[in-house]
Each structure stands twice: as structure tokens, then as C-alpha cells.
Amino acid sequence: MAFYYTEPSRTFNEFLLLPNLTTKECTPNNVDLSTPLTKFKKGEKPALSLNIPFSSAVMQAVSDHHMAVALARCGGISFIFGSQSIESQATMVRKAKGYKAGFVVSRSNLTPGHTLKDILDLKEQTGHSTVAITEDGSAKGKLLGIVTGRDYRISRDSLDKPVNEIMTPFSSLIYGKSGITLSEANDLIWEHKLNCLPIVDEKQNLDFLVFRKDYDSRKNNPLSLLDANKSYIVGAGINTKDYKERVPALVEAGVDILVIDSSDGFSEWQRETVQYVKENFDVYIGAGNVVDKEGFRYLVESGADFIKVGIGGGSICITREQKGIGRGQASALIEVAEARDEYFKETGIYVPLCSDGGIVHDYHVTLALAMGADFVMLGRYFARFDESPTKKVKIGNNFVKEYWGEGSNRARNWQRYDTGGKSGLVFEEGVDSYVPYAGSLRENMDRTLSKIKSTMCNIGSLSIAELQQKARITVVSATSLVEGGAHDVILKESSMAAE
Ligand SMILES: NC(=O)C1=CN([C@@H]2O[C@H](COP(=O)(O)OP(=O)(O)OC[C@H]3O[C@@H](n4cnc5c(N)ncnc54)[C@H](O)[C@@H]3O)[C@@H](O)[C@H]2O)C=CC1
Ligand SMILES: O=c1[nH]c(=O)c2[nH+]cn([C@@H]3O[C@H](COP(=O)(O)O)[C@@H](O)[C@H]3O)c2[nH]1
Ligand SMILES: [K+]
């Protein structure tokens, strides 16, 4: 007879945290969000830790080398997507490892068809006076010119003057080529008395900007996740098929940690993959995804350094609909965290957990941490930012970015071009979608982190470990959910627009 769980499968939305006593030293500034990334023995330190509990999803629409650098600068980690050829994935890892602080993705971008008014509006919005003019208005589009505060006079120029009459065109720009070092970029800045040096690739696409004032950008990024050589820590996704070719190439490119990317990690293929990596390489590896104690045990006993939790909770997921497998993300995490704690008691080895998928609100991150996750993995959240690899598109009056699942046909098409890969899909497990464009990672992450820290202070906890110890969590009823939102009032338009 089948086994029946007595508890239903629950999601983060069904839980709330209760405040504890907040002491006076418990302020957001004092909260430390560092967290283990790899397993460690009681009393020892993990070999790898994160400075903030965030990782970006192993997805084409989320984690390339640009995202890896941007997130590592904030203190988190990206796992560069594996649904591409071994060579191109290794190149992305190599590029991310090769970046040095000081190169920034442009945050203010317009097209030549915009006007002076758009420039001024954007300046008001972002505070940046340097605007990159690209063909499609994106941070990585073909660079056509640069506008700085010295290119226009508000008193003389009409507000509808087109950008292409204001900008310094590409033909007159001093620029650096992708791959140059920070000190070479700084030499160009000094030699030509520039405030800003654009870095472009061989196709004239904008890669980065280097600013005179950012010499020591490490000062601006105190939480940067760096290795002993001051390169960013970088992760990469692998699969259970071509790992004997892929892993050596990724290790050679300098990857710090791998994760097996699968909807269902409770398999002999994952055990063999973990064992192969552990026997042959000096690199860390996470495995998953699992949703119960049995899956957790199996992968930990196979040698995994962290375990990823979650089946079917992702925003673009349709696995539960297509295959009928999965579990509410909160229920999955609660059970696996219990298994992790039991394992720790038994062996003295602490195995970090990553809660993957289904994070919609910032407080869901705090809940996941309180329920025992050491860090979270997000796709939709990061796909919305300038730094994600996908196209920014205007629909109606709003900008959106493309976001598609790794189980969608769109993501899996790459395999057709791979020798030995399978062609096409029998059925899709993910959708192709848009998400609202949300600006730069840094600004959004700062806001998310301040919410998490503020909630942690309500709980009276200055660290994630303390949060996990102290948290008191309650299930909410359907009617109390209504009570939790604005209710019984007529909202003004400005409040309806707010998140
Ligand atoms: N977290 C989630 O809820 C979900 C995630 N996804 C994402 O979609 C992508 C694809 O996921 P999956 O289809 O689970 O990928 P997968 O590579 O784990 O599995 C694909 C198929 O190949 C089989 N397989 C795996 N290794 C094999 C081997 N060595 N020999 C023979 N057969 C083997 C598997 O059993 C499965 O039928 C991943 O990026 C995953 O993260 C997809 C669905 C749900
Ligand atoms: O059922 C699925 N079909 C897919 O095509 C797919 N692609 C990604 N993923 C998983 O979703 C996670 C990201 O979730 P969020 O967008 O909710 O952050 C990711 O981290 C994955 O675990 C998929 N699940
Ligand atoms: K399985």
C-alpha cells in the first residue's frame, strides 16, 4: 500500500514569524548574514562561506559570468548555467574568475532615439550622470555613444533634443577592449583625462564601464566574495551525463564549487557523479534537488558538500502539473532541515541546505532561513535585473525581461547542437515568460537585505544560526491571510502600484 503523509504540502505563504524580545544591541547594522556554503565538522569552519545567503539559479536566463561577478560583489554566489556547451560554460567561468573589482555593468542606458528629457529623468532616477547610449537601450547592447553632464546645457538645449545630437558618438570615444586589466583601464583614464572608460567587446557591444572614482571599488563592496587571489568565487551547474568531460574543463577554468542541476536528485546517477568528482578533483560539489529525509541522506552519504531542496516550486515550473511530482517548498525544507539536524547530532557534520525556487516575497527568504535553509537560490528574482543575460523588452508602458525555465524547449534546444545530446523534448517542464524589469541588482539586493535584517531584529537574532534557534513560526489560516494584506479600505492608486 502506498505511504500517505498526514500533513499537507505547504508553501512559504502559509507561514508567519512571531517576534521575540528585541534587545537594544539588536539593530540591522549589527546583523551578520554570513552563512556556510560547504559542510564542516562541529567546532571547525566551513571551507567556503557566503557573505549573504543568496545564490542565483542554474539557468540560461539568470546566471552567466556577468551575474556571477555582480552577485559575488554583493557577497553571494552564482552557479553558471550548464545547459550550454562545455567550452562556452568553461569560458564563462574563466571570465568571471578573471574579473577584477572596478569594472561595473552600466546602470543608466538609453537609445539614440531618446531625448534630453529622458536623460534628465533617468539622471533624477538613478543619480548617475554618465549614460551609455546603446542600440537597444540595454546595458550590454551595441555601444553607439556616451552622454555625460558636460554634453548639454539645460538652459540652452530644448528638452526634446534627440540623444544622437547630444552624445559623443562611438567614433570619437576612447574605449578599452574586453579583457583588459584594471590597471590598463586606469592608464587609459589618466592618459586621456577621462571620467569614464567604456569597455566593449569585438562586436562593439558594451561590456562594462570603468570610472575614475572607482579606483578602489573594493572599498565600496566590503562583502565581496573573494578567493585567496582576490578573484570572485564562482559556481557552475553540471549534469549527470557528460560530467566526465565537463567537470575537468570547469575545474581547469577555475570553478570553486559545482552543483548537480536536476529536478530530482534522488538517483544513482547523482551518487556516481558526486563520487567521481570527489575521487578525482579538489573541488566542492552540491547535489539535489530533494524534498525528504531519504533523499537528503542518500546524497550526503554519497559525499555532497551541500544539499539543494525543492521540486516544482519555481515560478516557471510546471513539473508538478506535467509529472505530478513535488512538494510544497516549506514542507520540503522543514523535513530536510530536520534530517540535517539529525545527521549533525549523529556525526558532528553540518551540511548546509539551499532552498531552491518559489521565493516570491523578500520575507520568504527570512522564512526559509528560519526553517533551516543556510542560503536560498532564486531565478525570477535575479532575472529582473540589468545584470541578467536576457533581453529587456518594452511591453505597453513597461519594461520587462525575458525569463524561461530550464525544462522549457527554449532552454533545452542547445542539446540538439551537442554531439551525443538528445534532440528536442517529449514534453516541457517549464515555461517561457516575462518578468517585470527592476533595475540594478545592487539597489534591489540592498532593499531585500535590509528587510531581512530588520525582521531578524524582530526575532531578536543577530545571525542566521541564531534565527534558526530562536524562530517561532505559525501556520496562517486562509482568513488570516486576508487580514495580513490591506483590507476594508479603498486604496489610492499610488499604494496599488507599490509592490
Ligand atoms: N527544481 C525543480 O523543481 C525543477 C527543475 N528543473 C530544471 O530543469 C532542468 C532539467 O531537469 P531534469 O529534467 O530533472 O534533468 P536531469 O538531467 O536530472 O534528468 C533528465 C532525464 O535524464 C535521466 N538521466 C539523468 N542522468 C542520466 C544518466 N547518466 N543516464 C541515463 N539517464 C539519465 C533522468 O532520470 C531524467 O529522465 C534542470 O535545470 C532542472 O533544475 C526542471 C523541473 C523541475
Ligand atoms: O519545473 C521546472 N521547470 C523548469 O523549466 C525549471 N527551470 C528551473 N527550475 C527551477 O526553478 C528554480 C527557480 O525558481 P524561481 O523562479 O521561483 O526563483 C530553479 O533554481 C530551478 O530549481 C525549473 N523548474
Ligand atoms: K528519483
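Keep in mind that glycine also has a Cβ here, set from the backbone N, Cα and C atoms.
Annotated active site, thioimidate intermediate per TrEMBL: Cys317, in sequence order. Per TrEMBL, the feature active site, proton acceptor maps to Arg416. Per TrEMBL, NAD(+) binding site is recorded for Asp261, Ser262, Ser263, Gly310, Ile311, Gly312. The feature K(+) binding site is assigned by TrEMBL to Gly312, Gly314, Cys317. The domain 'CBS' feature in TrEMBL is assigned to 167-225.
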Per-state residue totals over the domain 'CBS' (167-225) - DSSP helix, strand, coil: 20 helix, 16 strand, 23 coil
Distance, the residue listed as 'active site, thioimidate intermediate' to Ser262 (NAD(+) binding site) (CA atoms, angstrom): 13
Residue among recorded positions Ile311, Cys317 with least C-beta crowding, 10 angstrom cut-off: Cys317
Which listed residue (Gly310, Gly312, Gly314) has most other Cβ within 10 Å, given these are binding-site residues: Gly310
Cα-Cα distance linking the residue listed as 'active site, thioimidate intermediate' and Asp261 (NAD(+) binding site), given in Å to the nearest integer: 14
Site of maximum Cβ density within 10 Å, from binding-site residues Ser262, Ser263: Ser262
Local Cβ density at Asp261 (NAD(+) binding site) - other Cβ atoms counted within 10 Å: 25
Segment-level pLDDT (mean, integer) for the domain 'CBS' (167-225): 87
Sorted by sequence, non-Asp261, Ser262, Ser263, Gly310, Ile311, Gly312 residues with Cβ within 8 Å of centre, NAD(+): Asp264, Gly265, Gly288, Asn289, Lys308, Gly314, Thr319, Asp356, Gly357
Other residues, Cβ within 8 Å of Gly312, Gly314, Cys317 Cβ centroid (K(+) site): Ser263, Gly310, Ile311, Gly313, Ser315, Ile316, Ile318, Thr319, Arg320, Gly326, Gly357, Gly358, Gly405, Gly430
Site extent for NAD(+), whole Å (max Cα pair distance, Asp261, Ser262, Ser263, Gly310, Ile311, Gly312): 14
For Asp261 (NAD(+) binding site): DSSP state (helix, strand, coil): coil
